[in-house]
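Here the structure comes first, spelled out in structure tokens, and everything after it is commentary.
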Amino acid sequence: MNLRELVSALNDFASLSLAESWDNVGLLVEPSPPHTVNTLFLTNDLTEEVMEEAVQKAADLILSYHPPIFTPLKRVTWKTWKERLVVRALEHRIGIYSPHTAYDAIPHGVNNWLAKGLGACTSVPLHPSTAPSYPAEGTHRVEFCADNTEHLDTVLSKIKDIQGISCLTTLPARVEGEEQTRVSLNCSQKALLEVVALLSQNSRLYHKTEILLLQKPLLPHTGMGRLCTLSEPVSLSDIIERIKSHLKLPHIRLAMGMGKTLESPVKKAALCAGSGSSVLKGMEADLYLTGEMSHHDVLDAVANGISVILCEHSNTERGFLSELCDMLAIHLQNKINIIVSEKDRDPLQVA
């Protein structure tokens, strides 16, 4: 499969528009075209050991969940390990693609997989995603009424000259017993400033102006984190065993909520794969499940009677890769070979 064709198919599987604004997702390293992909190599973290494995297995494209290039590189030399990844990739004509938080947001993504460790439950995103575009053109709607036809014609003429104006309409209206004209228009964020500046030149128009934000519609079952409601309450000790079994971990870290015991029932669990502090903060639940949280956020949760389970960052993500492998095989119609790294592992272990 051609690299560009494959990247387009991967973007269809999980739109990069769902990724967080701070993230660095998509095709990060591209060998010179034409580049054919026969083998897609999946990993959670692209380390030098994993890169060597990808080379040995003749990978043509590496899908690394975490972006190996995040902060900008000022040079590409043999000095640092991330620079060496780029050098090795280009020397062996291997592309690198990262979806990261786009896979966190999708309904069939990392957080959905993590929620399966809780047992039978229903879940909704903690922070729902919005559609990539507005339901109508523009980001804002401006409406105002005017009673001076000649002056209104001048204002409308100037508005039409502003770039980023759409859906401009005029309708007759009766305001406080007077015949007037109601004007409605959609505009971009930049155009809004120009429209407001124009209308502010006339105090009567300006005081009759309404500005509405055109909200992007929420996408169902899509977004960061999950609030999971279990079908039946389960003791904290049973939840711990379920999570350890699902993540194939011999140990987890537990902070017991104030007044709670291992026999306390868990009905609602808020979870976020990876580093969940910012996503989970302030959420009402019996349990927080994530890879890592700051010390003080753990203390806050415990003080509010919420137990916290930490499994280390990538342990809450890596198991998704085998499920992803099967889904991508179907999505790509088995046109390419897909393999999961055997060298990829969490850098932390219990000693």
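Cβ coordinates are placed from backbone N, Cα and C, and glycine is handled just like the others.
Feature list (source: TrEMBL):
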| type | residues | note |
| --- | --- | --- |
| BINDING | His66, Asp104, His313, Glu317 | divalent metal cation binding site |
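Features as recorded by TrEMBL, highlighted on the structure.
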residue	record	Cβ within 10 Å
His66	divalent metal cation binding site	17
Asp104	divalent metal cation binding site	29
His313	divalent metal cation binding site	21
Glu317	divalent metal cation binding site	25
Near the divalent metal cation site, what residues other than His66, Asp104, His313, Glu317 in the same chain have a C-beta no further than 8 Å from the centroid of the listed C-beta atoms? Asn44, Tyr65, His100, Val110, Ala273, Gly274, Ser275, Gly291, Ser314, Thr316
